[in-house]
Every structure is written in C-alpha cells, then in structure tokens.
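Student: For 1-132, the entry in Swiss-Prot reads domain 'NDPK-like', with the evidence type sequence analysis. Here Swiss-Prot flags Lys3, Phe51, Arg79, Thr85, Arg96, Val103, Asn106 as ADP binding site, drawing on experimental evidence. The ATP binding site feature in Swiss-Prot is assigned to Lys3, Phe51, Arg79, Thr85, Arg96, Asn106. Sequence annotations record features per position, and here Swiss-Prot assigns active site, pros-phosphohistidine intermediate to His109 based on sequence analysis.
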Amino acid sequence: MVKPDGVQRGLVGEVIQRFERRGYKLVAIKMMHASEQLLQTHYEALKSLSFFPKLVAYMSSGPVVPMVFEGRKVVENGRTMLGATKPEASCPGSIRGDYCQDVGRNVVHGSDSTESANREINLWFSPQELCQYKQAVDPWIHE
C-alpha cells in the first residue's frame, strides 16, 4: 500500500513499476481515504504502542493506494524491495532506501507474512475486486 506521503509525492507509479519489473502481477488496486475504523483494524497489533494514535491520524490524513500483487515469494521479496521500516536502515535500491528519511513518512506498507497478507487483502478488498488473469509474459518469467 502506498501511504499518504507516497501518494502526495507522486510515487504510486514508481512502486507499481518496481513490482511489475520484478515479474509480479498486479491483481487489485484502488485509491481511497481509509476510515479510522479500517486503520485501527489494520494496525490492531500496534494498538498498545504510544505512537498508535499518531499513526492512525497520519494514515487518514490523505488518500492511500492499497494494492495486491501475485507471484512467487511476493511477500518475502516484496519486503526486501520495500526496505526496512526505519528508512535509515534501508539499503539504497529499496523503495524506502531511495525515497524515505523518516519512519513516520516511510511511503509504503507491506505485509510481513503470508498470513498478514491474506488478512489485509480481506480488510481492504472484496473478492470481486481481485482480478484473476493470465499474463502473456508469464512463461518468460517462470519456468
């Protein structure tokens, strides 16, 4: 998901491009203003932390772009492509390493496990919003 700072900075296309160039298939995307209720559910595991109210306020301050990509090891490799949550620990070449300086404005969110990804997909998208299709390029990416 591209967070409000990433949307404001015009980085949505860059994020999509990096995943597609890696061979991942975009199957769902939308731009929306997330409700506080949705964000509280999404970040439920962080509810007891002191920065939680600030996180919810930030994430509801502007539009976000949730998206779903498919492909081999997309969650694991996607986390590497995004970079560390704290931008100062992110390697150059990662999205956060290239575009972030502050943990409070770190451009993107990515699921940390397949289980989290499934939970988050169900929070942000209805089954009808997930588009299943075959790409002509698939045989050129996967054996």
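Keep in mind that glycine also has a Cβ here, set from the backbone N, Cα and C atoms.
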Student: In the domain 'NDPK-like' (1-132), how many residues does DSSP call helix, how many strand, and how many coil?
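Tutor: Its residues divide into 64 helix, 18 strand, 50 coil.
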Student: Distance between Lys3 (ADP binding site) and His109 (active site, pros-phosphohistidine intermediate) at the Cα atoms, whole Å?
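Tutor: About 7 Å separate the Cα atoms of these two residues.
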Student: Please report the Cα separation of Val103 (ADP binding site) and the residue listed as 'active site, pros-phosphohistidine intermediate' in Å, rounded to an integer.
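Tutor: Here the two Cα atoms are 11 Å apart.
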Student: How big is the ADP site in terms of the longest C-alpha to C-alpha distance among Lys3, Phe51, Arg79, Thr85, Arg96, Val103, Asn106, in angstrom?
Tutor: 22
Student: What average pLDDT does the predicted model assign to the domain 'NDPK-like' (1-132)?
Tutor: 96
Student: If you count other Cβ atoms within 10 Å of each one's Cβ, which of the binding-site residues Arg96, Val103 has the most?
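Tutor: Result of the Cβ crowding comparison: Arg96.
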Student: Counting Cβ atoms within 10 Å of each candidate's own Cβ, which of the recorded positions Lys3, His109 comes out highest?
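Tutor: Its Cβ has the most other Cβ atoms within 10 Å: Lys3.
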Student: Report the same-chain neighbours of Thr85 (ADP binding site): residues 6+ apart in sequence with Cβ closer than 8 Å to its Cβ, ordered by sequence.
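Tutor: Set apart from Thr85 (ADP binding site) by at least 6 residues yet with Cβ under 8 Å, we have Arg96, Val103, Asn106.
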Student: Can you tell me how far the Cα of Arg79 (ADP binding site) sits from the Cα of His109 (active site, pros-phosphohistidine intermediate), in Å?
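Tutor: Cα-Cα, rounded: 9 Å.
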Student: How long is the line from the C-alpha of His109 (active site, pros-phosphohistidine intermediate) to the C-alpha of Phe51 (ADP binding site), rounded to the nearest angstrom?
Tutor: 16
